[in-house]
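Some notes on the structure that comes next.
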Amino acid sequence: MLCCMRRTKQVEKNDEDQKIEQDGVKPEDKAHKAATKIQASFRGHITRKKLKDEKKGDAPAAEAEAKEKDDAPVADGVEKKEGDGSATTDAAPATSPKAEEPSKAGDAPSEEKKGEGDAAPSEEKAGSAETESAAKATTDNSPSSKAEDGPAKEEPKQADVPAAVTDAAATTPAAEDAAKAAQPPTETAESSQAEEEKEAVDEAKPKESARQDEGKEDPEADQEHA
């Protein structure tokens, strides 16, 4: 039995050796290779993160550099313009010294106007503040003042009523005369015709009364003769 066991063990070892020889790689080597692969992948992941961070950090720096480059030509242009403007201003006083005198004279009135304009709003504000304070004071004293003003207002009204009546009485005759004078000629003509008719009627009345008297006297005379 022991011999059989030894033989079987040898056969199993031989089978394992044959498999290793066929594969050409031992299990230890496989584990080592797997570990190296894992480490390599991990290292690659870390390096990628670093590269991304570096790119993100480089992007703002690149943008800042681009802005600086863009601003540089603009600043150069502004400096050139300022240089040209200063040159022209230097040339202007040299060529026209007389022009400065009117400009100075014009600046003086403008400064005076500015001073007046600044003083006017300040005065207006002070006046408005005073009016507001006065209005508040009057509103505070309004109940007592109203109570005092009540009888005082009634007395002037009563005094004004007879004066108005006397004025109306004095003006009525003058108003009638003015109305008569202002009447149109048609009304005056009608009034004159009415007066003439009245006079004719008045003249006719005594004649009729005389005729009636004569008629009465004739029958009486006839009766006497009879």
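Cβ from N, Cα, C; glycine included.
Noted in Swiss-Prot for the protein shown:
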type	residues	note
COMPBIAS	9-32	compositional bias 'Basic and acidic residues'
COMPBIAS	51-84	compositional bias 'Basic and acidic residues'
COMPBIAS	85-97	compositional bias 'Low complexity'
COMPBIAS	98-127	compositional bias 'Basic and acidic residues'
COMPBIAS	128-139	compositional bias 'Low complexity'
COMPBIAS	146-158	compositional bias 'Basic and acidic residues'
COMPBIAS	159-192	compositional bias 'Low complexity'
COMPBIAS	201-214	compositional bias 'Basic and acidic residues'
COMPBIAS	215-226	compositional bias 'Acidic residues'
DOMAIN	31-60	domain 'IQ'
LIPID	Cys3	S-palmitoyl cysteine
LIPID	Cys4	S-palmitoyl cysteine
MOD_RES	Ser41	phosphoserine
MOD_RES	Ser86	phosphoserine
MOD_RES	Ser96	phosphoserine
MOD_RES	Ser142	phosphoserine
MOD_RES	Ser144	phosphoserine
MOD_RES	Ser145	phosphoserine
MOD_RES	Thr172	phosphothreonine
MOD_RES	Ser191	phosphoserine
MOD_RES	Ser192	phosphoserine
REGION	1-226	region 'Disordered'
Across the compositional bias 'Basic and acidic residues' (201-214), DSSP yields 14 helix, 0 strand, 0 coil
Mean per-residue pLDDT in the domain 'IQ' (31-60) works out to 84
Mapped onto three states, the DSSP assignment of Ser41 (phosphoserine) reads helix
Cα of Ser41 (phosphoserine) to Cα of Ser192 (phosphoserine), in Å and rounded, measures 140
DSSP composition of the domain 'IQ' (31-60), residue counts helix/strand/coil, works out to 30 helix, 0 strand, 0 coil
In all the protein chains shown, the tally of other Cβ atoms within 10 Å of the Cβ of Ser192 (phosphoserine) is 10
